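Asks: Submitted below is the structure of interest, expressed as structure tokens.
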């Protein structure tokens with residue numbers, strides 16, 4: 001059991017883990033509050049999709065630049081700067097909501113600002129993990145524990161947000177998120193980071209992007225996993241956009257119902273991430289990833305077909321486990337096989353595939369839900385995801401053993 005926490009032996013990673021654990025609870029509270037605020041005010045799945053689009057589209061456009069920045073400059077300093085910027089955004093959003101001076105487009109604008117910050121924050125954060133553990137053999141465990149921490153926050157944040165939304169409205173959720181940044185900024189300040197060796201050549205933005213793409217093209221194992229991530233992210237992962245619709249219109253619930261749907265999805269994800277952290281080294285990582293994707297999509301078929309809330313909660317818990325095994329498994333595979341010189345840039349393409357492509361799917365999902373209804377839309381998403389995995393599995397011949405060939 002203790003081997004599941006072996007990367008916490010490293011002081012810097014412990015600080016990172018503690019600070020992020022607090023901050024991410026606030027982040028999930030803000031995410032839920034934004035979705036509930038927009039849908040309660042507009043009753044429009046299309047506008048809900050537009051706000052989600054605004055919050056994620058900068059990642060698609062700017063993540064490669066964020067990866068170049070993470071490779072070119074101190075990842076630690078970049079992360080500290082983006083966390084301070086995120087704190088400012090959270091304060092602005094909390095102020096607007098508490099004053100009652102917000103509208104849908106103001107929320108969308110602040111979501112766009114946060115998405116822009118995240119385009120630089122996420123590649124730096126993902127790339128920094130390797131610098132927080134002194135033993136390279138603990139890297140995979142650190143990545144898995146990071147996923148566990150994210151999903152513990154995903155379990156607790158929506159539960160707390162559901163209570164606050166029910167009894168006090170969305171304002172306190174935004175205040176708590178703003179305050180939570182004190183933990184992560186404080187933990188970063190307390191770290192003792194050994195500077196990376198200075199690079200003799202620092203590529204410009206365009207040159208750095210080109211180097212990253214050339215490297216990725218030469219590593220087919222990583223490239224294929226990123227393409228699969230893009231397919232699932234576009235087709236399936238935007239189902240979360242419709243959870244307010246399921247809570248309010250399908251199951252005729254309130255904010256607490258919305259919180260339960262998100263919390264139990266987070267519980268499943270937490271179980272999946274903990275399994276990955278406890279899993280011994282070795283075994284077919286890519287096979288695990290493909291099975292997890294199939295389980296994720298299959299569980300969503302059950303969720304969308306559920307006649308009662310209790311049944312739906314069971315299926316969304318299973319879908320959370322499958323989704324997290326897929327996401328964290330892909331992240332671990334990429335991080336443990338990439339050249340550290342290219343880590344930020346390659347991870348930026350991973351971030352594009354994971355989060356950058358989702359806003360396009362969110363727009364499509366919002367439009368489909370308006371015409372087909374939320375349950376039929378999620379059924380269509382899950383079916384499309386199963387077809388993506390089946391086609392990709394056949395093309396890549398994952399069942400045959402293959403070696404990862406990286407360029408010299």
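Placement of Cβ uses the backbone N, Cα and C atoms for every residue, glycine included.
Just so you know, TrEMBL annotations are computer predictions that nobody has curated.
Predicted, not measured: the structure shown is a model, and the values here were computed from it.
Here's the feature list from TrEMBL:
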DOMAIN    1-198  domain 'Major facilitator superfamily (MFS) profile'
TRANSMEM  21-39  transmembrane segment
TRANSMEM  45-66  transmembrane segment
TRANSMEM  78-98  transmembrane segment
TRANSMEM  174-194  transmembrane segment
TRANSMEM  226-246  transmembrane segment
TRANSMEM  258-276  transmembrane segment
TRANSMEM  288-305  transmembrane segment
TRANSMEM  311-334  transmembrane segment
TRANSMEM  346-368  transmembrane segment
TRANSMEM  374-393  transmembrane segment
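Show me how these features fit into the shown structure, please.
Replies: Sequence-distant contacts of the transmembrane segment (21-39) (same chain, at least 6 residues past either end, Cβ-Cβ under 8 Å): 45, 47-48, 51-52, 55, 83, 90, 93, 97, 102, 104, 107, 111, 149-150, 152-154, 156-158, 160-162, 164-165, 170, 173-174, 176-181, 183-184, 241, 243-245, 248, 255, 258-259, 262, 266.
Residues 34-35, 38-39, 104, 107-109, 111-112, 114-116, 118-124, 205, 209, 212, 238, 241-242, 244-245, 344-345, 348-349, 351-352, 355-360, 362-367, 369-370, 374 of the same chain lie 6+ residues outside the transmembrane segment (45-66) yet bring a C-beta within less than 8 angstroms of a C-beta in it.
Same-chain residues lying 6 or more positions outside the transmembrane segment (174-194) and placing a CB less than 8 Å from one of its CB atoms are 11-12, 15-16, 18-27, 29-30, 33, 74, 76, 79-80, 83-84, 86-87, 90-91, 93-94, 97-98, 131-132, 160, 164.
Using a Cβ-Cβ cut-off under 8 Å and counting only residues 6 or more beyond its ends in the same chain, the transmembrane segment (226-246) has close neighbours at 35-36, 39-40, 45, 48-49, 52, 216, 258, 261-262, 265, 289-290, 293, 296-297, 300, 312, 323, 326-327, 330, 334, 349-350, 352-355, 357-358, 360-362, 364-366, 369, 374-375, 377-378, 381-382, 384-385, 388-389, 392.
A Cβ distance under 8 Å defines the sequence-distant neighbours of the transmembrane segment (258-276), meaning residues of its chain 6+ beyond its ends; these are 4, 28, 32, 35-36, 144-145, 147-148, 150-159, 161-163, 165, 240, 243-244, 246-248, 292, 312-313, 316-325, 328-329, 332.
Sequence-distant contacts of the transmembrane segment (288-305) (same chain, six or more residues past either end, CB-CB distance under 8 Å): 225, 228, 232, 236, 239, 272, 311-312, 315-316, 318-319, 321-326, 329-330, 333, 374-376, 378-379, 381-383, 385-386, 389, 392-393, 398.
Using a Cβ-Cβ cut-off under 8 Å and counting only residues 6 or more beyond its ends in the same chain, the transmembrane segment (346-368) has close neighbours at 45-50, 52-57, 59-61, 63-68, 70, 118-119, 122-123, 126-127, 212-213, 215-216, 222, 226-227, 229-230, 233-235, 237-239, 241-242, 327, 330-331, 334-335, 338, 377, 380-381.
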Asks: Need one number: mean pLDDT over the domain 'Major facilitator superfamily (MFS) profile' (1-198).
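Replies: Summing pLDDT over the domain 'Major facilitator superfamily (MFS) profile' (1-198) and dividing by its length gives 87.
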Asks: With Cβ-Cβ distances below 8 Å as the criterion, list the same-chain residues six or more beyond the ends of the transmembrane segment (374-393) that contact it, or say none.
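Replies: For the transmembrane segment (374-393), the list is 45, 224, 227-228, 231-232, 235-236, 238-239, 242, 245-246, 249-250, 290, 293-294, 296-298, 300-301, 303-305, 365, 368, 399.
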